[in-house]
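Novice: I'd like to ask you about the structure that follows.
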Amino acid sequence: MWWLGPCASWSCVSDVAPASSSRKSDWVDLRPLSAGALSASQSQSPRPGLYTARHRVTQELAALKVLDRRLLRQRATRRRLRQEVRVLQLARGHQNLLQLHEAKAVGARVELAFELARGGEVMRRLRSERDASRVLQQAAHGLQFLHERGVVHGEVRPEHLLFSDDE
C-alpha cells in the first residue's frame, strides 16, 4: 500500500491559515526528516522543516510539517496553505492518499500533522515491473479520486509516492 501526498514534501509548502491556535504543541519527540530541521532537544522551538513526532496524548507517530507563521503574512502563502489543507481534507479516508491529522497554529509556527509513511519513497523499493505496475495502478486510483473532486495534483513525481509501511 502506498500513499500519494498532495504536498508531502517540504518543497511544496502551500497556503492555508489553520483555524485552531494554541501556545503548546500536541506533538513531542520531534526527529528531523528534512535537512533544515532541528530536533526538539537542540531547540525549544523547532525550525521550519519536516519531522517525525509523537502525539502527546495518543502516542501516535506522525510526520509533522513545521512552518514559520510569519510566512502567512503574505496573501499568496496563506492562499496556498488553505488550498493544501482543503485538498488534504478532501482526501480523507482514501486508502491511497496521505491523511492529514490536524493543522494548527502554535505560537510562532504552524504545524501540519500527517499520517507517517513509514515505508519510504516508492523508487527505493521497486524491484520489478510487476511492483511498478501495482504502484502505478494505486497511484491512478488516488489521482482519479482527486480528479473526481476537481483537484489536479500538479506535482506527480516519484518522490511524492510513498509506501505506508515496510510491506
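Yeah, the Cβs are placed from backbone N, Cα and C, and that goes for glycine too.
According to TrEMBL, the protein carries these features:
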- 27-167: domain 'Protein kinase' (DOMAIN)
- LYS65, GLU115, LEU116, ALA117: ATP binding site (BINDING)
Novice: The domain 'Protein kinase' (27-167): mean pLDDT?
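Specialist: Computed over the domain 'Protein kinase' (27-167), the mean pLDDT is 88 on the 0 to 100 scale.
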Novice: Using all protein chains in view, find how many other C-beta atoms are within 10 Å of the C-beta of LEU116 (ATP binding site).
Specialist: 21
Novice: Please list, for the domain 'Protein kinase' (27-167), how many residues fall into helix, strand and coil according to DSSP.
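Specialist: So the counts come to 46 helix, 41 strand, 54 coil.
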Novice: Need one number for the ATP-binding residues LYS65, GLU115, LEU116, ALA117: the maximum pairwise CA distance in Å, whole number please.
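Specialist: Overall maximum Cα spacing for these binding residues reaches 13 Å.
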